[in-house]
Amino acid sequence: MSALAATTGGAAGDNNNKKTNRNNFKNLPTAALDDLVQYVTLYVRKPTLISGVVLPFVPLYLTAFYLWIYVYKGQGDDVQNSKNESGNEDAAWNDIGFIAVVAIAFLHILTMLFCYWSVHVLAFLTCRRVKKPAAGVLAKVVPTANNGNSKIVPIRHLQLENGDQQYYLVFQKTKYVWDEDKALFRAVEFPVNKLLSTYASSRGLETEQAIKTAMQTYGNNEMDMVVPEFHELFIERATAPFFVFQVFSVGLWCMDDFWYYSLFTLFMLIAFECTIVKQQLRNMSEIRKMGNKPYLIYALRQNKWRQIGSDELLPGDLVSITRSQNDNIVPCDVVILRGSCIVDESMLTGESVPQMKESLESLQELNTELDAEGEGKLTVLFGGTKVVQHTAPSKESMRAPDGGCIGYVIRTGFNTSQGKLLRTILFGANRATENNAETFAFIAFLMVFAVAAASYVWVKGSEDPERNRYKLFLECALILTSIIPPDLPIELTLAVNTSLIQLTKLFVFCTEPFRIPFAGKVQICCFDKTGTLTTDNLMVEGIAGLASNGKCVPIDEAEDSTVQVLACCHSLALLDDGLVGDPLEKAALAAVDWNLTKSDSVIPKRGKLKPLRIVQRYYFSSALKRMSVLAGYLIPFSNEISYIGAVKGAPEVIMGMLKEVPADYEKVYLEYARRGARVMALGIKEFGSLGGQRVRELKREDVECDLTFAGFVIISCPMKPDSKAVIKELVQSSHKVLMITGDSPLTACHVARELRFTNKKLLILTPPPNESSDTWSWVSIDGDRTYPLDDVKGDKNISMLLAANDLCITGEGLLYLQQAHHSYMLKVLPQVTVCARFAPKQKEYIITTLKQLGYYTLMCGDGTNDVGALKHAHVGVSLLTSAPAKRKRTDEELRQINAAATAAAAAAVAANQQLSPRERAMRRRQEHIDRTQARLQSALRDMDEQTMVKLGDASIAAPFTSKLSSIMCVNHIIKQGRCTLVTTLQMFKILALNALIQAYCQSVLYIDGVKFSDTQATMQGIFIAACFLFITRSKPLKTLSKVAPLPNIFNLYTISTILTQFAVHFGTLYYLTSEATALAPPRVGKVKLYIDMDNEEKTKYDPNIVSSTVYIICVSLQVATIAVNYKGHPFMESLRANRMLLCAIGASAALVLFLTTGIVPGLTQFFEIVDFPTNFRQTLLLVLIVDIVGAFALDRICSFLFGETRRKSKVLNC
């Protein structure tokens, strides 16, 4: 048996530093192997004869045949001889024996199917456990939640160069090798956590032996995706549990001679599955195109630069990366050793701003481990991204023939960041519906009634000793199968797929469809601030903190030192396409009116200041909350360079680095932060002339100390135009809204008030003013109110605070609560409105904690530093900041189009004048028909529209990706989620009522001799299928409702309305059947059931008043069930707006009216309905009307008593 490990990371196979492991481990299932695999167990196949699918059934078959043929047959002969009876008992024993053998065969087939459906059952019945891998051993691999299905894969082995055997398995394109020492499987460890100095000193794969070893360990850099054949995919779908069950039901119906209905159902099932398979094949072909196309690239092998295919790259290779051409992308994950790049990562993260990547040679501290997913991503090029611009290495120690950046390959194939996204699309949670456990529990609930009905038929039917037991058993089996309609899986899938198509039209793409119903259950909506709620079009208002009264002065009046800091302290780069980088830094550079050159020099457009050359950047880090640069300028009349250090960052961080802190430092920055401005402190340090060696040895700490204060830069962040409206709609629709940002608490609180996150005053959790006290307190923004943090009276304290206030906590405050007041933290977190100064890991912690507390969460961010939170939320929405662009037509094209349109209009007018009035009317009619056909074609295209998510549409950050930068997509997703959830719940209610009515009709009424013709059954099936299709096509309303739908199938309202409506329908059915029976001619002899008839009698259907009445009642009850239980408002369009469903219900109601009154003789003849007496017609019509009204009234009473919307949360107050 394999042991378990706990290695985690960004992609499978990573083994990052200990700190990262600890953080990630909290979010993995207990004792998971890694973030993909939960556990692995080893097995060998048992010989077929002693496996669990053969051995237990051999004695059962032998016993059944022995008892049937020898024992009971013999007893039957003895009884017949002794009593001289007619042989009926002999036939009965034959039937019982046959039924026993059929039951065993059915159990045998079911067991084999369960082996196909579940690898756990397959392993249990056909394999035995072993402890170590060997030839012929199999591995059962169980993935972590939402990472696809468990699978049994073969253990493979290869001969290593040293002669050892290496055993490994491949699961979801990821290789796991057997560790002999630890007796466990572990993911192949890619070189992603080495010391930076190890990468920097590498010379690539220097020997043939090293190349062979790397090849054996990692394999080629390929993303092979084999598209299966149509029949392979169809077999896979045709053996799904629901499909097998329905085919089994169809088989039983055929044995009972319901040919038309059976074949119609079978055709519908197969057509649907074929459509799904064709869609899957198209999707797989699209995915196949997403993989990297191989191209020639320079790699340093055996100390020589040589061109090899990009698919031949191996971890440990040194490669030359140049600007992407001909749609070539970075082929694998690479650490940059020399040179620098500017990279477009929008294909992976959704971040539209190109990122600057620096090399290891620009770093001073190389004795730290690489953290590719954290701070180290500044030096990592991720596979699947595009290099917009590269700078060749400045030093001559190593240069590639093409002058590219030198990089060290750390991950290849499906283990890269791009590969991980592809694996999510390929193997991610592939359930189209949610709550499978509830679905099966619901079916089990209905099965109780089905078993009762089948038992009634068996007991009553067995009272006649002459009745064929085999046929009676078949009839009982039919009752059990009729409880689950054949279109249940189709409808459940259609509800989700309809939402997928609607979201795609709104430029929202989804990689995990099963999350759509979760969106309907969301209680807490979390938002990042910068770039999500606010725009990237920042405005620099001026510089504060240097004037005597602390007022803000315009940039053109700022001091020279301030202008120098703003001009050089940034991460911007100049490309052929223009300036790229952080919008805030671009705004600051534009405000000081300086230009950046491609050689990293900044030049003033006017003024007396000298140009500066950026020598060294110390990049911004969310942990450090600052960035700094070393820059130099030429001293006039000399060749010497004078160096300055420029620093900018959070005011509270820079404060500790200043030589002298101004007296009003805190007062000034707090004042502007309270107004909602983004405030950054600036500092400068003069180094004077430095030698080359000293410049290279200068560390970040040397620059970031003894600074001279250079003022606060005040930047305003305008809100996105629709942010306020979206937040208002969410608050009014039973959602708690929460802002989680890395910005300062005062700025965040101002934005929260502006966007109406709250109308109350905000209190910030604040540390004690001096170190002698350790009591934290809740302090208002203006500082006039202070409330102590009282953990002892936790609930009372929180209730008192929330009576007139809302809460804001900082990252520092969260850390304090985690360590000192954990239970208080769990109570207060759902109540918090603003989380400020939060690091990415803390954002993730908030989401996971809220989930553990039982709340459904949504997180919306820009997909860069919010990845963890977005992935862990029930619904994660990543915003791409670039909208889909349409090519604008040129002026020449527009002129041509206008000229063509004018000519066509003139020709049409001239033609119309030459036509007679009748011909003009015919022309208009033809144009109308053409437009109708065009609309129909458009609708058909929409139905067949691909919901396949492509790279560039999907973000590695989140299950949902919006290609529009507006947060309006959150409301669209919630609307579709609620619509899908409500549709599913309504379908379950309708199915339950239909199943209960069906159970009664097929038991009590069947025993009384009531049956339907084949035509009647087929038309009834078509009506139900059409209604369900139209229900799933319902669209959500344009605005979110104030209330939320019920999140689960099992609730007081659903159960009570099903039972009370069934009681009314049952009363109607019972009363009208009794009345019809009284009018029927007296029965002569015993009731002859359908199973007792011979073939000639079966083909002849003799309608009578009872069977005709029951059919009309059944159709009417189905109309009533759908009309009463379909409720559009407040979540989706009403019945009046859903024209197709309204037409279907109207047509069925008209059919009931026509069949009852008999005013259309041809229709009654087609449906084989008898002519009713006048008085009975009136009674039938009146009772059916009372039934519909009664069912409607009882449903509304249940709704009033128990409510059909989610109850208001006392904690969230929504």
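Using the three backbone atoms N, Cα and C, a Cβ is placed for every residue, glycine included.
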Range among 1-23, 346-368, 1082-1104 that TrEMBL annotates as region 'Disordered': 1-23
Pairs of Cβ atoms less than 8 Å apart decide it: which stretch in 49-71, 96-125, 1052-1072, 1140-1160, 1180-1202 has the most with the transmembrane segment (233-252)? 96-125
Taking the transmembrane segment (1180-1202) as the first stretch and the transmembrane segment (1105-1128) as the second, find out whether 3 or more Cβ pairs fall under 8 Å, excluding pairs closer than 6 in sequence. yes
Tertiary contacts of the transmembrane segment (1140-1160), defined by C-beta under 8 angstroms and 6+ residue spacing from its ends, are 1023, 1026-1027, 1030-1031, 1033-1034, 1108, 1112, 1115-1116, 1118-1119, 1122-1123, 1126, 1167, 1169, 1171-1172, 1177, 1180-1181, 1184
Take the C-beta pairs under 8 A between the transmembrane segment (258-277) and each of 440-459, 1015-1031, 1052-1072, 1105-1128. Which stretch has the highest count? 1015-1031
State the residues, same chain only, that lie 6 or more residues beyond the ends of the transmembrane segment (1105-1128) and have a CB under 8 A from a CB inside it; answer 'none' if no residue qualifies. 982, 986, 989-990, 993-994, 997, 1001, 1005, 1008-1012, 1016, 1020, 1023-1024, 1027, 1031, 1034, 1037, 1057, 1061, 1065, 1068-1069, 1072-1073, 1075-1077, 1079-1080, 1134-1135, 1137-1138, 1141, 1145, 1148-1149, 1151-1152, 1155-1156, 1167-1170, 1172, 1176, 1180, 1184, 1187-1188, 1191-1192, 1195, 1204
Which residues of the same chain, at least 6 past either end of the transmembrane segment (49-71), have a Cβ under 8 Å from a Cβ in it? 93-94, 96-98, 100-101, 104, 107-108, 111-112, 115, 124-126
Is the transmembrane segment (1052-1072) packed against any residues at least 6 beyond its ends, judged by a Cβ distance under 8 Å, and which are they? 985, 988-989, 992-993, 996-997, 1000-1001, 1046, 1109-1110, 1113, 1117, 1120-1121, 1124-1125, 1179-1180, 1183-1184, 1186-1187, 1190-1191, 1194-1195, 1197-1199, 1201-1204
Counts by DSSP class (helix H/G/I, strand E/B, coil) across the domain 'P-type ATPase A' (300-424): 22 helix, 42 strand, 61 coil
